[in-house]
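Features of the protein shown, as given by TrEMBL:
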type	residues	note
BINDING	121, 184, 216, 247, 390	UTP binding site
BINDING	217	substrate binding site
């Protein structure tokens with residue numbers, strides 16, 4: 001036992017030496033990069049690299065999944081409230097004064113690359129020529145006009161989306177919404193083999209675009225604070241931010257939740273509220289809220305030990321998942337940021353660059369900080385508050401007659417008999433937005449659709465109706481044209497079908 005203990009001590013000592021060497025090498029490389037910054041880049045580059053250094057230090061310290069599965073418990077009953085209970089309290093007469101304490105923050109760092117688009121994802125057209133950003137501005141403008149309030153919009157951009165977004169913002173200069181932006185950090189990608197940055201200087205254009213990355217939305221706390229915007233908004237009397245992904249079209253300002261935050265029934269305010277919703281089979285990978293060491297904690301699939309992944313995905317044990325719609329007290333962000341007390345697990349995201357080089361990105365997720373805040377709460381909201389558009393399959397749903405658009409908000413059509421959304425799977429011929437748009441002369445009627453699968457070279461004519469379960473599969477080399485006005489109900493179409501116009 002003694003020799004075993006000695007060899008373990010030797011191993012950990014050896015690991016410690018290696019860790020220190022890696023950290024030293026990283027510091028040397030980062031100093032070299034910083035030395036290439038111009039005087040006007042110096043300050044923010046320095047802040048970025050300091051933040052990265054802290055993250056890298058933690059990455060070297062931590063090994064293996066970051067949760068002890070044995071400590072995970074179901075959250076106590078009252079720690080996740082049903083939305084109906086919060087809505088039942090109604091709204092006070094002075095809702096405008098409550099709204100004036102709110103800031104809407106949208107996470108706008110992502111590009112539209114997964115849908116074959118260049119530039120910020122928020123500038124993709126989703127409905128009647130309106131982009132994600134248009135709809136967001138319309139929603140807030142409608143609020144401000146209806147209640148005579150001044151709710152501002154804040155966009156957290158990344159270095160990938162900042163320039164294009166700022167150009168577009170000019171078109172809202174006459175709208176009744178104050179719009180602010182700040183940039184999330186820019187961190188260097190790390191070579192997987194050497195654990196050193198692949199960037200040699202600060203530039204991030206041309207061939208250096210692949211050397212840098214925005215480190216996930218968990219970066220919001222530090223970047224928001226560092227930008228000075230957090231202090232400015234507190235000085236203006238703002239108290240809460242409502243944070244959500246800009247591609248979640250269900251994430252509108254909810255007055256009942258806001259009222260619950262500002263006027264809590266027990267008199268004790270929450271610093272952090274996470275909207276969760278019930279899992280379906282499609283959401284098995286979503287992060288879930290658990291009780292862990294007497295605190296609410298978000299557990300993501302990446303943190304789960306391999307042996308327990310199936311259990312984590314089980315819809316019966318973990319019934320809810322995080323929508324990433326979050327309500328957070330500004331004063332709490334300031335307090336925790338100044339104490340350096342926001343604790344978020346590191347997500348190690350491996351990537352292969354175009355040239356074949358394997359790199360890793362160290363990231364954090366905004367919701368993971370829930371355990372650092374006081375008096376946190378989960379609210380189990382209706383599914384309609386989670387309507388993300390990640391693929392063209394999602395885009396088809398939100399463009400269809402399943403939804404109606406009013407003041408920038410999408411609501412499920414009253415003509416739909418049941419509240420669930422159809423399951424839509426479009427094949428690889430539809431992945432890019434421009435290909436997808438070319439394949440639909442008009443968006444089909446989907447009010448009575450349950451399930452749609454389309455694979456291969458398929459096009460849809462005008463005014464097609466889809467009902468029940470519809471599966472359309474064009475074999476390799478074949479093409480299927482669904483003719484204008486066709487009604488497909490519980491049908492499987494396969495092989496080759498071309499209607500020729502005579």
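The chain as shown is numbered from 1 upward.
Here the Cβ of each residue, glycine as well, is placed from N, Cα and C on the backbone.
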Between residue 247 (UTP binding site) and residue 217 (substrate binding site), the C-alpha gap once rounded to whole angstrom: 14
Spatial neighbours of residue 217 (substrate binding site), counting only the binding-site residues 121, 184, 390 and Cα distances within 10 Å: 184
Least surrounded among the binding-site residues, given as 121, 217, 390, when other CB atoms within 10 Å are counted: 390
Among the UTP-binding set 121, 184, 216, 247, 390, as the record gives it, the longest Cα-Cα distance in Å: 21
Which same-chain residues, if any, lie at least 6 apart from residue 216 (UTP binding site) yet have Cβ under 8 Å of it: 347, 349, 363, 364, 365
Under 8 Å by Cβ from residue 184 (UTP binding site), same chain, sequence gap 6 or more: 109, 156, 157, 158, 214, 215, 217, 219, 220, 223
